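Everything on this sheet refers to the single structure shown next.
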């Protein structure tokens with residue numbers, strides 16, 4: 001009887017997630033259809049991910065994730081093939097039936113929809129485990145509008161962030177619903193998959209390990225700690241065998257590289273050793289001492305063996321770090337972000353932490369403590385980089401659903417207040433309304449584009465009509481040009497492209513003579529700029545090329561290419577005119 005009820009609950013949560021995701025994706029797709037139909041995707045990473053999939057399906061080796069039209073001789077990307085598999089399969093299956101363009105449109109809609117459905121289902125299961133049927137479906141709705149988490153499941157968002165959030169939810173559910181080896185194995189394999197995709201959620205995987213260690217100290221199962229370590233090590237070994245790319249030996253700790261793999265394999269043995277040592281003593285003080293020693297040894301080993309992991313962006317040119325990286329929205333710290341952005345991103349997460357703390361205090365249930373640990377980890381991560389709010393917002397859903405459930409018993413006013421406090425999409429709106437105008441900034445970092453915003457489908461179509469050659473453009477426009485055209489591009493917003501990205505900034509922010517030298521060196525054929533390019537850096541130096549272009553005084557070797565009013569300012573570069581004095 002109990003198993004029948006459990007199966008009914010499972011199926012009900014699944015259908016609720018499917019129906020809600022379908023309704024949201026349909027509405028979002030209709031709203032954004034003009035851009036989606038032109039494959040003008042929401043973010044530069046989505047565009048580059050689609051191009052990476054195209055190159056693979058066109059014959060580029062599975063192990064080669066370089067973008068060969070970017071930079072001087074191609075850029076070794078720090079990405080994984082794992083997020084390419086499902087959208088690539090969709091395109092390969094549908095292209096013979098509907099054509100390549102239609103297949104790609106289907107893939108960029110279906111894949112985020114699948115991830116959203118799974119994420120909503122997992123949130124419902126987490127909420128059911130913590131508070132029962134009373135909060136499960138409510139949590140599903142709260143998660144669906146949990147800004148900014150909701151933005152990474154929009155149609156077109158095919159990059160890896162949504163995939164990693166789903167894997168994180170798998171880990172959280174496994175740790176909340178079980179203490180034995182079986183659940184720990186699931187958590188360990190999900191953690192390994194997330195690391196193989198990217199390192200953005202690594203601190204939260206550390207939280208999972210810490211939760212298991214604390215449980216072990218207070219008398220939990222040795223098997224759970226053992227299972228997590230075994231699954232993590234085995235999963236990383238499998239990833240090294242099946243997902244190892246040609247860029248594996250790249251000397252950095254910014255993705256699934258040899259340096260990162262060795263560091264995390266070393267760390268994976270810490271829980272295994274602790275579990276073995278735990279058979280010798282069940283005393284909490286002994287286990288705490290063992291855990292402390294293991295933590296120190298692991299940290300020292302990673303520091304000595306992989307110091308690059310302490311600074312993944314350490315190889316970025318200091319000029320680029322100051323002018324570009326510091327202005328990348330999701331890479332900013334919470335305290336460096338504009339007030340509107342900070343409030344919009346952190347508001348729901350903080351509300352969720354307060355609600356989880358209250359539920360832990362009132363119920364004394366360990367599951368709420370586990371959830372709170374992940375929420376606290378997400379908040380700390382957000383204080384360092386705003387992308388931590390993606391996890392923090394969606395993890396707020398179960399506790400906020402519990403608040404809504406209790407508010408139902410206290411009248412309409414309490415219920416309305418609970419829903420308002422739980423509606424993540426309201427936080428950026430409230431921040432804009434309540435913050436002084438001089439503190440306003442785009443509430444979503446993804447809309448704050450260092451280097452310019454002229455990436456409309458009309459502007460990209462104009463670039464696509466150009467004959468082949470190399471384009472220099474602001475970094476975001478460079479990424480969109482890779483996906484929309486056959487042009488080679490000097491720079492795009494990826495930290496490994498130091499040489500090309502530096503050239504972009506020196507070309508536009510340096511003198512016309514320096515720009516000419518760069519044009520010669522890179523054999524440039526086109527230059528493009530947006531009206532607001534580099535505006536985040538303040539007023540440009542009067543002698544810089546960008547200042548001259550804004551004033552309408554381009555050097556003679558830059559011939560304006562006339563076109564529609566699409567926001568794109570385009571020039572053809574004429575090498576035969578190099579060295580001639582500019583006409584002012």
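Placement of Cβ uses the backbone N, Cα and C atoms for every residue, glycine included.
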Of 224-243, 284-303, 304-323, the range TrEMBL labels transmembrane segment: 224-243
Stretch carrying transmembrane segment according to TrEMBL (options 67-85, 86-104, 105-123): 105-123
Stated TrEMBL location of transmembrane segment, expressed as one of 35-52, 161-178: 161-178
Stretch with greatest number of CB pairs under 8 Å, the transmembrane segment (105-123) reference, 135-155, 185-218, 333-354, 366-384, 414-434 candidates: 135-155
Beyond the flanks of the transmembrane segment (414-434) by at least 6 residues, Cβ under 8 Å: 142, 145-150, 339-341, 343-345, 347-348, 351, 393, 396-397, 400-401, 403-404, 406-408, 440, 443-444
Stretch with greatest number of CB pairs under 8 Å, the transmembrane segment (224-243) reference, 185-218, 255-280, 366-384 candidates: 185-218
Two-stretch contact, the transmembrane segment (333-354) and the transmembrane segment (135-155), at least three Cβ pairs under 8 Å: yes
The transmembrane segment (366-384) versus listed stretches 135-155, 255-280, 390-407: most Cβ pairs under 8 Å: 390-407
